[in-house]
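Only one structure is covered here, and it is reproduced in the block below.
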Amino acid sequence: QPGACSHTHTPTAWGLLTHSLGPALHTQPGACSRTHTAWGLPYTHTYTQPGVCLTHTDSHIEMHVHTGPCVPNPCENGGVCDVISLQRRGDVFSEYTCKCPAGFQGVHCQTNVNECSSGPCRNGGMCLDLEGDYTCNCPSPYLGKSCHLKCDSVLGMEGGSIEDTQITASSAHLGFLGLKRWRPELARLNNQGMVNAWSKATFDQQPWIQVDLLRKMRLTGIVTQGASCVGTPEFIKMFKIAYSLNGVKFTIFKGSSKSKDKLFTGNWDNNHQKKNLFDPPILAQYIRLLPVICQQACTLRMELLGCELNVDLNVTGCSETLGMKSRMIKDEQVTASSTDSLWGMDCFTWRPSLARLDNNGKTNAWTSRFSNRDQWLQVDLLTPKKISGIITQGAKDFGKVQYVQSFKIAHSLDGKSWNVYKDNSTNTDQIFEGNYDNSSHKRNVFERSFYARFLRVLPWTWHKRITLRMELLGCNE
């Protein structure tokens, strides 16, 4: 290998015969080893260019290239080549076989299996075929790996589990002499009485009514209803929806559009109910209804539909793989504190985007440049999701087994403010058990699932070097 080996002889009977390898060259399994005898003393040379054996003579080094049916690897898409027979025959195909990774088939693993062909998505879900997996785009209010779960529970406006103090508005209409107050806490579906709904003040040009759910929830729809004021029907004919995680910064719901606000059709009279679904579902703590067109007055009774985020849904679908192995998570979404690179060559750079569970190749994982506790591997999920667990795996660097033995987890909604996952009993940073070899999977399920867009793995202890392959578990909430 050019520049890798140096060869020196000292031409005296009392000198030493020396051979050396260049710096930073690592030993690979199967490297050639040859024993020599100099002045009656045996010594062994090990050379490391894959498939190449170097034979020493006094005047030169001879190179013999080892070939076979698996050199170069004929298997595609990460398939592993196994030699069956070295006998070459024209009537049979028996020299090797390809062991294909999940999601591929064929003699050379050349065919991507279409996992959508069996129609795994239920309730109108649209299937997207991935590498070795599939995902379902579920219509609201369905969720889960196969859209088999329904998230449309009433959240408590009519029943009263949402308290009066959680409901606020931009203004409230005061009736005759201020004795009839159409306050926001009256905006409960099927509320009864002479004053039984919320209505905005006549001077309010940008009205809204808001519900604070006290925690982040998954909202899949709303049911609206008008009311009658002194025998006159009043209701909201068209409205928009805004939502927020902190009650300060609100986003107007756009539905499937990227630029245009979604305009919902409301009621046509004061008594009948109108149900509208949020597709995709809204993930928020605060929800606002913004009246756009009103009949007589902007008057409203309502109910919210959705489900909790903090309910343990592991048995019902919230332990789905989030896309590291399948590559639904793109390379640019995976970053790290530092990256190791051998000889400065791109083909030997252990990039963070390689940190995918069961990834194959000579460089098939992330390895940090430095071995200290300041290192991290980060995944940006692009939108907040519920994260319920992680699977970790080590790797080999030119035959050297490397892995993370223990680690911490940090998560964030904005990529700036980070929370380290805490042990429930001690309220200290929880240290998760990692791997004990380079190939086995280690699965850690979080006792408390959390809601985040960004996740960081913080290596705490490691074997040889910080090296990691991984998959995240959760659901698209």
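Cβ from N, Cα, C; glycine included.
Predicted automatically and left uncurated, TrEMBL annotations should be read as such.
These figures come from a predicted structure and were not determined experimentally.
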Original post:
If you look at what TrEMBL says, which of C127, C147 makes a disulfide link with C138?
Top reply: C147
**OP:** State the disulphide partner of C109 as given in TrEMBL, choosing from C100, C116.
**Re:** C100
Subject >> Per-region confidence, the domain 'EGF-like' (112-148) (mean pLDDT, whole number) >> reply: 87
Subject >> Cβ neighbours within the same chain of C100 (disulfide bond) - under 8 Å, at least six residues apart >> reply: C75, N77, G79, G106, C109
**OP:** Using all protein chains shown, find which of the disulfide-bonded residues C109, C138, C147 scores highest when you count other CB atoms within 10 A of its CB.
**Re:** C138
Subject >> the domain 'EGF-like' (112-148): DSSP-derived helix, strand, coil residue counts >> reply: 4 helix, 13 strand, 20 coil
